[in-house]
Structures are given as structure tokens and as C-alpha cells.
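Take a look at the structure below.
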Amino acid sequence: MEPLRKPLVPVKGIPLIKYFAETMEQLQNFTAWPDDVLISTYPKSGTNWMSEIMDMIYQGGKLDKCGRAPVYARIPFLEFSCPGVPPGLETLKETPAPRIIKTHLPLSLLPQSLLDQKIKVIYVARNAKDVVVSYYNFYKMAKLHPDPGTWESFLENFMDGKVSYGSWYQHVKEWWELRRTHPVLYLFYEDMKENPKREIKKILEFLGRSLPEETVDLIVHHTSFKKMKENPMANYTTIPTEVMDHTIYPFMRKGTIGDWKNTFTVAQSEHFDAHYAKLMTGCDFTFRCQI
């Protein structure tokens, strides 16, 4: 098998993993169904966590049903493509309604059908400092990415939007703005960590669903970081090692808030904060880098 690490390929100015970029043309013909629900995040912002929560909601908290397949098969990854693994579009064709779909795509690359149908979107945003540290470690173990280089160079690339999926700043802002015209529930990773039950109840209300209190408690318990890290149907250990090497870093590494402090130097943190302030000026939402 040829090495998977390839340079990122720009599509409409957005750098993407080569294999994902190659699906973009086909992706534009994707047809959304009215009862589809989209989970959208920038990478390393709680996508897998939200996927597991959503599947447990749809399955009424029944653990046997949630264990029917790995999470990436239960919640198809729209733009995913990789040698030796079924692509997201193929998985979606075999997924019965109502479908839950996940994506990291910015709005400029999203299939128009998803916007035209005005399907419900659950967006999860996470503070940029924890995202960039998690992303750096993910680049190391997920071999579809190019080599991340040094932490210092990766940090600069992240700030400049020269990583897969482009600018974090643009991503979190444009999906926030979409709330004004489309049904978007915008959640924060930090709020989910602080009080998962409260956030799950927000999701249920948004979806127009109800579950008994004990089922909600069960979902909170089984979607905790500890339980998911132990669950092979949720922790991505079933992905081929050639694609994700868990001996370098586990896919589910820490899942904490404020871990950035163990990687950023004081100078890097100050440099990042100044850059962040410029790019996030005028935003009517804020992030917490610790709780």
C-alpha cells in the first residue's frame, strides 16, 4: 500500500486532505433528505462525542443498537474518502432514514442540497487553543494528513488557515451566522463538558424528541470520555493502522479543557491571543479556554 500522507489540495481556497478533495465534485450532487440531521464541527471539536450522543438519542438509549457498528459507520462522514475504507457517500447510500450525517466542511464546500432543504444542523465549537493542540497530535496519528512538522510550525499554519479544512476562525463564525437563516443548534464543547445533561436536553428540544429522565442519564454515562475511550465501537480502534496509528497517539487522547497549557509556551500563548483578538473582533459569542 502506498504511503497515505500527501500534501493538502486546495478546493475553492480551502486546503483539504487529498482523498477528500477528490470527492468534492461528486459531493455537489449529493441529495439531502428532509429528515436528515447534520453534525458539523471544525476538526477536534467533539464530533465523535456528538455522533455517539445523537445515535444514542435516535436508538432510545438502547446500548445493543448503538453497538451494532463502529460510530463512523453509524454516522457517515460526508466527505470521507480513503483507500481501503468505504467512502462516506457510499455509506450514506446504505443508511436508512432518518440519517445523521457528519461533516467538517466549511459552508463554501457544503453540498447545496443540505442548505436548500434547510435540514437541522447541530454545530459544536471548541476553543481554538485546545483545538490546535489536539489537531497537531491528530495529524501525527491520522496518516491521511501531511506530516505536521514541528509544533511551532503547525501552530503558525493553524493561525494562517493552512491546515486541513482551512481557518478555524472562519469556520466557527460562518456557522454561527447561519443560525440567522437556517435551523442551527450551536453548542460549545466546554458547555458539554461542564454539564452534559443540560446540553443533551437542548438537543432533544431542538430535535422535537423526548426521552425518559433515566434514559438521558444513561446517555450521559455512556457518552462520557472514559466510557467512549473503552468502547471499540466509539474509539476508532477498528480503523486500519495504516490510516490511524493509535500507538503514536490514541484517537481519543484526553478530551479535557485547558490541556493547551501543557503545550503552548507563554510567548506562544500571547502571540496567539493577539492574533485571535484581531480575527475575532466583533463576534457576538465567546469561548472559554478553561472551566
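The backbone N, Cα and C atoms fix where each Cβ goes, and this holds for glycine too.
Here is what Swiss-Prot says about this protein:
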- HIS104: active site, proton acceptor (ACT_SITE)
- 44-49, ARG126, SER134, TYR189, 223-228, 251-255: 3'-phosphoadenylyl sulfate binding site (BINDING)
- LYS102, THR103, HIS104: substrate binding site (BINDING)
- SER134: phosphoserine (MOD_RES)
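A map of Swiss-Prot features onto the structure.
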residue : record                                  : Cβ within 10 Å
LYS44   : 3'-phosphoadenylyl sulfate binding site : 22
THR47   : 3'-phosphoadenylyl sulfate binding site : 21
LYS102  : substrate binding site                  : 24
THR103  : substrate binding site                  : 23
HIS104  : active site, proton acceptor            : 23
ARG126  : 3'-phosphoadenylyl sulfate binding site : 27
SER134  : phosphoserine                           : 22
THR223  : 3'-phosphoadenylyl sulfate binding site : 25
LYS226  : 3'-phosphoadenylyl sulfate binding site : 10
>> On a C-alpha basis, identify the one among LYS44, SER134, THR223, LYS226 that is nearest to the residue listed as 'active site, proton acceptor'; the candidates are the recorded positions.
In response: LYS44
>> Considering Cα atoms only, can you say which of LYS102, THR103, SER134 is the nearest neighbour of LYS44 (3'-phosphoadenylyl sulfate binding site) among these recorded positions?
In response: SER134
>> Can you tell me the CA-to-CA distance separating LYS226 (3'-phosphoadenylyl sulfate binding site) and SER134 (phosphoserine), as a whole number of Å?
In response: 17
> Going by C-alpha distance, which of the binding-site residues THR47, ARG126, THR223 is nearest to THR103 (substrate binding site)?
Replying inline: THR47
> Within 8 Å of the Cβ centroid of the substrate site residues LYS102, THR103, HIS104, which other residues of the same chain have their Cβ?
Replying inline: LEU38, ILE39, SER40, THR41, THR47, PHE77, LEU78, GLU79, ILE101, LEU105
> Quick one: Cα separation, THR223 (3'-phosphoadenylyl sulfate binding site) versus SER134 (phosphoserine), in Å?
Replying inline: 19
> How many Å lie between the Cα of THR47 (3'-phosphoadenylyl sulfate binding site) and the Cα of SER134 (phosphoserine)?
Replying inline: 13
> SER134 (phosphoserine) to LYS102 (substrate binding site): how many Å between their Cα atoms?
Replying inline: 19
> Three-state secondary structure of THR47 (3'-phosphoadenylyl sulfate binding site) from DSSP?
Replying inline: helix
